[in-house]
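A quick write-up on the structure given underneath.
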Amino acid sequence: MIGRLLCQSSFFLSRSLSPSDDVPPYFKMEPVATQIHLEGNRLVLTCMAEGSWPLEFKWLYNGTELTRFSLEYRYVIPSLDRSHAGFYRCIVRNRVGALMQRSSQVQVAYMEGFVEGERSQVVSQGEAALIFPPQIHSFPRPGITWFRDGRKIPPSSRIALTLDNTLVILSAVAPDAGRYYAQAVNDKNGENKTSQPIILNVETDPIAPSIIIPPRNTSVMVGTFEVTLECVANARPLIKLSITWRKNGVLVNRGLRDFGRRLTISGPLVSDSGYYECEASLRSSSAPSVSAGAYLHVLEHPQFVKEPDRHITAEMEKVVDIPCQARGAPRPAITWQKGQSPISHLSQRKIFITGDCLVCLIFIFISLSLPCVWPSLHLCTADRVLASGSVQLPRFTLLESGSLLISPSHLSDAGSYTCMASNSRGIDEAAADLVVWARTRITNPPQDQSVIKGTKAAMTCGVTHDPSASVIHRHIWEKGGAVIDVKSSPRLRLDSNGTLHISQTWSGDIGTYTCKVTSVGGNDSRSAHLRVRQLPHAPENLIATLSSSERRTINLTWAQAFDGNSPLIRYILEVSENNAPWTVLLANIDPEASSVIVGGLIPARSYQFRLCAVNDVGKGQFSRETVVSLPEEPPSAPPQTVIASGRTNQSIMIQWQPPPESHQNGPLQGYIIRYCLSGLPVDCQMKNITNPDQTNLLLEDLIIWTNYEIEVAAYNGAGQGVYSPKVTEWTLQGVPTVPPGNVQAEAVNSTTVRFTWSAPSPQFINGINQGYKLLAWEPDHEEDVTLVTVRPNFQDSVHVGYIAGLKKFTEYFTCVLCFTTPGDGPRSTPLRIRTHEDTPGPVGHLSFTEILDTSLKVSWKDPPEKNGILTGYRISWEEFNRTNTRVTHYLPNMTQEYRVTGLTALTTYTIQVASMTSKGQGQLSSSTISSGVPPEMPGPPTNIAISNISPRSVTLQFKPGYDGKTSISLWLVEAQVIGVIGENEEWVMVHQLANEPDARSLEVQGLNPYTYYRFRMRQVNIVGTSPPSQPSRKIQTLQAPPDIAPANITLRTASETSLWLRWVPLPEWEYNGNPELVGYRVQYSRLGSKAGVLSHIIPDRQEREFTIEDLEEWTEYEVKVQAFNGIGPGPWSQPVHGRTRESVPSSGPANVSAFATTSSSVLVRWGEVPETDRNGLILGYKVVYKDKDAESALRFWTVEGNTTYSVQLTGLGKYVLYEIQVLAFTRIGDGMPSSPPIFERTLDDVPGPPVGILFPEVRTSSVRLIWQPPAQPNGIILAYQIAFRKNSSSITSANVDVLNPSARQYTATGLKPESVYVFRLTAQTRKGWGEAAEALVVTTEKRAHPQPTSRPVVPQEEVQARSVLLSWEPGSDGLSPIRYYTVQYRELPDSNWTVHSASVNHEATSYIIDKLKPFTSYQFRVKATNDIGDSEYSEESEAITTLQDAPDKAPTILSVTPHTTTSVLVRWKLPPEEEINGILLGFRVRYRELRYDRLRSFTVRTVNSPSANWAELTAPYSVRNLTESSLTQYELDNLNKHKRYEIRLSVYNAVGEGPTSSPQEVFVGEAVPTAAPQNVAIQSSTATQLDVTWDPPPVEAQNGDIQGYKIYYWEFQLQNETERLRTLFLPELSVKLKNLTGYTTYMISVAAFNAAGDSPRSLPTRGRTQQAAPSAPSFIHFSELTTTSVNMSWGEPKQPNGIVEGYRVVYEPCTPVDGVSKVVTVDVKGSSPLWMKIKDLADGVTYNFRIRAKTLTYGPEIEANITTGPGEGAPGPPGEPFISRYGSALTLHWSSGDPGRAPITRYVIEARPSDEGLWDILIKDIPKEVTSYTLNLDTLREGVTYDFRVIAVNDYGYGSPSAPSPSISAQKVSPFYEEWWFLVVIALVGLIFILLLIFILIIRGQSKKYTKKTDSGGFLCVFSSRSPPRPSPGSLHYSDEDVSIKYNDLVPAESSSLTEKPSEVSDSQGSDSEYELDPSRQKTHSFVNHYISDPTYYNSWRRQQKGVSRPPAYGYAQPDTVAEQESRPHPPPLPSGVFSFLLNFSSFI
């Protein structure tokens, strides 16, 4: 198929896309269908295809892809194995299309060895031995040859080889015993294998004949070559064995082979089919023969033996036989068709006996329905009737021969008939045409009828005649031989078609009716019997008496009832127990019975019985009730669920449940508890409990650790019931009461003591002996006990144990005790012993003093471990590494110092001291020292290296430090744990290595996995301990799986399909790996189920709870948790168990069926709900049904209990199709209804009255009425009957007319004017005429609309909660009778009018309005309707308020949460106000304990009384009334801890209580803490750490054990962005919050948590960290870059970590400039401004800028590089400027240059003093169109010569500057009166007047001179020739170095540097001296001030080379405000005009 599709698609592609010369792929050769290859061979598969290239090939294996498309046309398997067997095919494609090759099956030939090993089998002598070949894996199936002793075993009379290679040895004898081998040969690969021997043993017992291999059923086709049947038999002696074959009992002699074991039939025919039997017998023997048989079926295609004639003619009403006979095997099935329609569906069968033949008549009818297959019947041969095919119509009969018999034939039978013979092997057909002619006859004769009294009977008499003739016929009806006059009674009517109608049938109509038809075409008559039935009468004289022979049984007797002319079907017996509602007890009592025995009743109860009879009409009246009471009996069942559990070692708690209520047999009065020692012949003790409500008892004063048998029985007033089955329970174990005996202890050596003892008597152990404890302790140190546990030895009488590791030569008290699980028994009497003496340990505190050149003093102390009695000391010394110089002295035990003399000066000696006991010399204490050189404190080790890092250990290599002129006696290793984010812990000692002075490496163990460590070392000599070494590098130990499982695992029910799992997460130090990879794995499975285990991964290491979803309802699960990290998982936790909550059933019952029993009842049956869908205990069922064709609400029929699976729905509508479903319900609620719904229609009945009768046309002599069909048609309407008469006349005078069912109007004529007529309209169904509707009409033309009714009234006593009785008085009918009333209502205050009913009876004057809302105000109105129309509505009634009713709905429980350990908080939402139905008065809370702990033994069982059964799992409800109607929550307290509760809620008003809510479950005992931790305090520890302490919540608010705390902390006012959480999983009361931001205010809140959840948070508490170094500035930005300057700005640190005091800016060229590397450092004080202008840069040089902020100290730097000069795309230089001067103004002129890559946007003018000053921007924003600019000389410094240049600016930046302009002086031109010549003239004039005005002229001349000097030299007065003062604003720091050295543009800063070596680049060092001006003096603007705040700018230089000239500095001042500069975060825009030079030009200080 795939290949064809591919071909088609490729053909389409080739037709639509490919050129005409392209060829689609095609196969030159298809592969073979099957190919076999040897395993291990190379296989090459080729895809031989051609077509237009390129061709691509793809291979498939068993339909799956092996390769992708490629040019390789072969697929190669280098070495075949059996897994390669399968179907291979290739797909080839090119651009034209694709093609799929035929599959080729590759089979791999292989053979393995025999699977089985050596085996043996035994056979009795004479029996047949069946030796089955051993199993072997091989392809193809190998040939098997049998061998014995190396010889092949051929078949013989005793040896048979079966078809499956089984070796059969018949009549086995002793020589047959031996070893047999099977040899398997694979004919494909030539391999052969020999099996292991099969050993046969023969026992010598006689054997009767037996058939070993019986024949088998076999089927073959006719034409098969041959067929063989096999039968292998055995007997002894085998020579007398005879095998004979029979076919169907006839002996067969031909085809026998292999000693008669095989029967071969060559060319089998159908006649060879039969039962073949082989019989095995012993000749001349009395042994019985045996036989076995099998069927041989020989199959054959169908073949016709007799075919019908092509044309057949028959007379109507005659029998027609159409022959058809076929043979075949199996026997063909004969089916007939008329035309194209099958003759099928049997409608009726009649079987009768004719002679000695069984005849089956099958009546059929013709239709187009599906064929119906009927079983073949072996009946009579010849032309006897046989049902063996598909047939139709009651006149057609299929004969055994296959012929079709039509009796009688009808005209409609004419047509073409086809006979088809078919079996499993094929089909054959034959056809015939039938022609039928007819005569006059009754074709629809009357049928026997049985009608119900009062209904209608219709006797049909339909006639047919030949259609070719016109025949007139007449009908005559007779009853009992008398002709019926249909006109004599209005109940009789004869239709034209001959049908006789009889209405209102009664008993007088019973009889035989005959219809006679007469005509010229023939006469005919038919008869039928009419029977009138009615309901049976009630049985009489019902009497109930107690049975004298059986308990709990009564006898009921009654007198037979009248059967209502219809045989009784059954009796129905109903019972009422203790005045309960009546229920059906027996629904099918034999109708012939007059008594019944009722058993299984419950004692002490009163029963009422009643009986009714049922016939096919229905159920009759019930009899009178009879009452009987049963006497009380002792309880017949024991108490249930008896559970015993040991509480202490002398008490057992016994618990039980009462006997089932049905077995209590009377009110319980108490219980008897009987208990005794288990298995001992002792009397039992009794406990009598007189309180029947008590269900538990603590049995006390029992024997310790003793097994008791306990029984419980209930008793009532009649006596004691049966005891429950015995339960056994042990009292708990006690501790032994006697110590072990014969305790002895002796020291084995210096550290070990040997104990021996005997076990105490078992009767004193009081439990299971868990072992013994050996104890040893030193005198006066009883708290320090050495303990060894020894397992009990039950084989030996003497027990032996040892305590090792004791101190040497030490006295101990020893004893032995026995212990059980609860604890230890008494100790034995202590024995005092001493361990043996041993060599001592090293001496203590070896030291050297008084060290001289030739002597020194050695001191020591006693060894801490003497291990015996010291006998002396040994001291020796020798020159270092020269043992031949050793000198040894032995000293008494009291000597602890010794002077060593005779030493050589300045020589190193090794001195050893050891103490001695009687056991020998102890451990040496050794040290080296140089004579004349005192030892010193050692130095620290160095060069610490780390290797061999593992999860828990590392190896340290080190270089020893200075030894202090003596040997090292101890190496110490300290470690420091380094936090993940940098916090460091204290140094801790982790390792020591003693007496290894030459050690150079050591292994440190006991480390934590995945932890950062640093290590340092110390070395110790006799003087002391060295300082620590430098810390090692930081290392991290490797990861390891977690060592522990999560703790405190709890599992709680969350919902119907989920469980809530909680645990305590691992502490951080237990992660053992990367925290980001730590998580948890939850594993869960159904308890006791073999289904797979499910798991879930939780990647959050802090998670401590998980909800397991998608579980099965009401199912117990087992859950485990484990932690894992990146390395692997840790151990599993202990499993915990939990059960999901009970739910509603998830599917409906199975096998739902419905059967209509009457016109108003349906019997519904169903099966059980599948167990997996029950989801709880089924408490009952509900049948849900509704009218399928109406929009009606669902109706429910509830069946309590789960043992009833059927119910009779009554009160249903007649002839209504109902949609029916069944659902089951549990305690939780209703489950899903069954699906799909089933549909069942109730039986039909007589219809109701037609409705809506109106007379739209009324004349004086005629009227026309209209109507609508009955509202309750109760069936299919067949006709309407109208009867009308004058109102004053009798009923018999009425005119009657029958109309067809479609009629909706009728016109009556011939009426009398102005008369009142009564019209009676009746409908008819199949069941008869229904109820009539009557209407009056007046034949007048003076009709009018009716008048309104009176104002309707509602009597207050008729007001109910949901209905009222409305009354009115009718108005005038307007001479047209009222047809109906319409009633409307409206709900006040503002609802619209609504029609309640538009069909109120016209005769009614009152009407009940129902379906109203309780406690609601209404108004009503009425209108009347006659034939003319409607009246006006009546006046509205008074407002009526319905009464209150119980609420309709329950509150909705929103949540039920634990509040404390004994209370829960219930929150709910009120039902809608309209559902309360009154004034809400309060709430009722119902709660009860759910005893789920009993579910382990709970099994699904039947529930007859659900409430009683649920008492096994639940307690009765407790109720609390809440009288506050405004409540929406309530704390339900005083509950039991650790229990699960069910809670329901309802509301109530003054009338009653509403329904209860759905149950909510909650576990009580775990609740979140209700108060927050107290007294939260914060202490600032460091810049990154806050120490937080608190007190726990109050004890009464903890609600359980506090498991830890959660610390929430966040930056002040940034909670949402910065909140973090630290969780402590231990109940500690402090925490150190580390890695915080410096100098930041934090808000901290603490919450406690327990197993249930978190407490409220504490109120946030404020704390602030200390200051720390700030982070780097956030950014560096460069602007206004020219060839020599740049404007730099920066951002504040993102984390200032304190108050920013300033910034340090450092910049330097990346490569030396002119051989000089200049490093400039500038300190900027204050936190603003954040920009600076740099002007002393060189063109085309890359500079590195670094800046860092300072708080308490400097933080990290941020750096950036910038290259001076124009960037790519910047403008070229403008033309060289020239200057024109006019007065005090200068004008610069220039020409435009190259604009670069973007248009020029502006120009900038730079200026500098001509004496090598620095260029600075003078004018900034000159429009791009301008090529000249005028500036005032006042902006320049007078007397200074300046150069100017112009720079163009575009979007790419500043361009190259123009060439400098010619230098020009800023000197102003003096006025003429200041010239010298003018002064001379003035002087001469003055001389003329000197005599007159000399005094005045002198004064005047001096005054003018003074004034001139003042005006021209103001600035010079400020700056004299001396060095100017250094302005130092608050934002600048600088040093005093080189203050006197002047440079034209700069003030020397803190430090200067100028390196002479071109390769050197050095950093500047800040000076500690600072000089600051008073900030109040910085009120004016100057170049100095400008660059101080712009920001302040300095160059730092080192000493320059000699000869460098430093021109004097200049400064200018201009008033300005500092505030303007300080308020700008970036450099301010340069002003234009006269101030621009002052604001932008460099100042020189």
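Each residue, glycine too, has its Cβ placed from N, Cα and C.
Here TrEMBL flags 1950-1968 as compositional bias 'Polar residues'. Summarising the annotation, TrEMBL assigns domain 'Ig-like' to 25-107, 209-291, 302-435, 440-533. Per TrEMBL, domain 'Fibronectin type-III' is recorded for 638-734, 739-838, 1148-1245, 1249-1343, 1348-1445, 1450-1567, 1672-1767, 1770-1868 (among others). The region 'Disordered' annotation in TrEMBL covers 1132-1151, 1950-1978, 2004-2029. Taken from TrEMBL, the feature transmembrane segment applies to 1876-1899.
Counted with DSSP, the domain 'Ig-like' (440-533) comes out as 6 helix, 48 strand, 40 coil. Only residues 6 or more beyond the boundaries of the transmembrane segment (1876-1899), in the same chain, are considered here, and none has a CB under 8 A from a CB of the stretch. Most Cβ pairs under 8 Å to the domain 'Fibronectin type-III' (1249-1343), among the stretches 440-533, 638-734, 1672-1767, belong to 440-533.
In the domain 'Fibronectin type-III' (1770-1868), helix, strand and coil residues by DSSP number 3 helix, 50 strand, 46 coil. Within the chain carrying the region 'Disordered' (1132-1151), a Cβ under 8 angstroms from the stretch's Cβ atoms is held by residues 1045-1047, 1049-1059, 1061, 1063, 1083, 1087, 1111-1122, 1165-1170, 1173-1178, 1181, 1205, 1221-1235, 1492, 1495, 1561, all 6 or more beyond its ends. According to DSSP, the secondary structure content of the domain 'Fibronectin type-III' (1672-1767) in residues is 0 helix, 47 strand, 49 coil.
Predicted-model confidence for the domain 'Fibronectin type-III' (1249-1343) is 90, expressed as mean pLDDT.
According to DSSP, the secondary structure content of the domain 'Ig-like' (209-291) in residues is 6 helix, 44 strand, 33 coil.
According to DSSP, the secondary structure content of the region 'Disordered' (1132-1151) in residues is 0 helix, 5 strand, 15 coil. Residue counts of the domain 'Fibronectin type-III' (1348-1445) by helix, strand and coil are 3 helix, 37 strand, 58 coil (DSSP-based).
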